[in-house]
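Marked as repeat 'TPR' by TrEMBL: 248-281, 332-365, 429-462. For 331-365, the entry in TrEMBL reads repeat 'PPR'.
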Amino acid sequence: STISKNSLKTSLLQLECHFTWTLLEQHVSLESLEDTILDHIKFVVEYNVRDYNMLSYVYHLKKSNEEALRNLKKAEEAIQKHHPDEIARRSLVTWGNYAWIYYHMQRYEEAQTYVTKVENSCKKLSSTAHGKIQLPDIYAEQGWALLRFGRHYFERAKNCFENALKSEPNNPDFNAGYAIAMYRLEVLSDRSGDDKWSCLKALQQAVELNPKDTTVLALLALKLQRSQRADEGEQYIEEALQKTPDFPVCLRYAANFYRRKGETDKAVEILEKALELTPKAVVLHHQLGLCYKFKILKLQKTRYTPQEEVENLIQLAIFHFKTAIDKKPTFSSAYSDLAQVYALGKRYEEAEELFQEVLQRNYLPCDEKQEIYFNYGNFQHFHMKSELKAIKYYTEGLKIEKDSYGRRKCREAVETLLKQKIRRGLGDATDVGTLGLVHKLNGKKQEAIECYEKAIALDPNNEEYQNALSELQLSI
């Protein structure tokens, strides 16, 4: 019998699996995501089912459905090995993925077989008649998948783990997922200006429930360090390194800790060890680049800069940042980091090219775009010696209204620059008018009015300043 494609599609949309969780390809770099999951499979055996499922979805997005099916087979083998007593319950996501992949391969009979498998298992597992089933493990698997897809998904991931925890408040895995989601949301909100997340309690709870999980142990250390409790944090880092000296994720967080502490050499040593274990990990290359960049800046501040050593560090930093953006073209801040290193090596054209490339990306989140404007303004100011362009780009960052770390940096930089210029008697109408705009963008109406009045005194026929002034006077 031929299966009606439409009714099949309707059933497929009811399934809980990677294909119905709106994980969008535009938010990730498939190559680096594939590497990340393969690395994870190698080092964390107990979550292989989850990883193979995720990998099958990645291969589907890469247009290799045969490879996707091979990974679902591996997921099934892992389920038989780790959960022989609850195969049906543990297989729902895997079977859902099978159904979708067969559907995309136009093998509709096989797709229907898997849909039926899921529907029958759900009837057995839950008293509710209709096929949608809300199992805590499925919420958690969705949460872990969302975390893999980056910053746009962290809040949804947090909600998934919250749902899973409603049924099993002391499940170590769900608590770990929740804590990681909270940690990432907090780091993000520090950058983007909302301080509504705090992850301390969640991390402490996760560590208590599973002291062996060195990922949450190391994140707790980083959180304590960011809360001015670095000594306490360092004890956790040392404990984590003792428990899992060869686990790359733990090594990466430890390196982060020491880099922030200013112990760059120690950070580099740890990162090099991690890179031997997982040579393709983008994040390790980026972190190494940051360490070398920090060392360059420090050496350039010394009285007798050892030129050869600086050159060598510049080469190393360029190599690692380049590797990061080649493997993960969506990694915008790494472009900015690479451009800054080119500038430190006086390779201005290459720096300019990178800044342009990344500033032309329409889809950048506000806070990232603001930080890039800030870095580009610095490049114009300190390397190209153009105050005019620096003012222009700091102001561009400020025009994006969303409050963030990057916006605050743009504001401080442009205010300082303009006030210095005006104080030195070098400020013209444009500078005074721009300062007016800066005050206006910061909600300081009275100061803005004063600036626009001065600008009009210097340039009486300027309509832009007159319009801005009357607009402000009306709004008060």
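Glycine residues also receive a Cβ, built from the backbone N, Cα and C atoms like all the rest.
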Helix-strand-coil residue split for the repeat 'TPR' (248-281), DSSP-based: 28 helix, 0 strand, 6 coil
Spatial neighbours of the repeat 'PPR' (331-365) far in sequence, C-beta under 8 Å, 6+ residues away: 26, 29, 151, 192, 282, 286, 289-290, 292-293, 296-297, 300, 311, 314, 317-318, 321-322, 324-325, 371-373, 375-376, 379, 383-384
Taken over the repeat 'PPR' (331-365), the model's mean pLDDT: 96
Summary of DSSP states over the repeat 'PPR' (331-365), given as helix, strand and coil counts: 25 helix, 0 strand, 10 coil
Per-state residue totals over the repeat 'TPR' (429-462) - DSSP helix, strand, coil: 27 helix, 0 strand, 7 coil
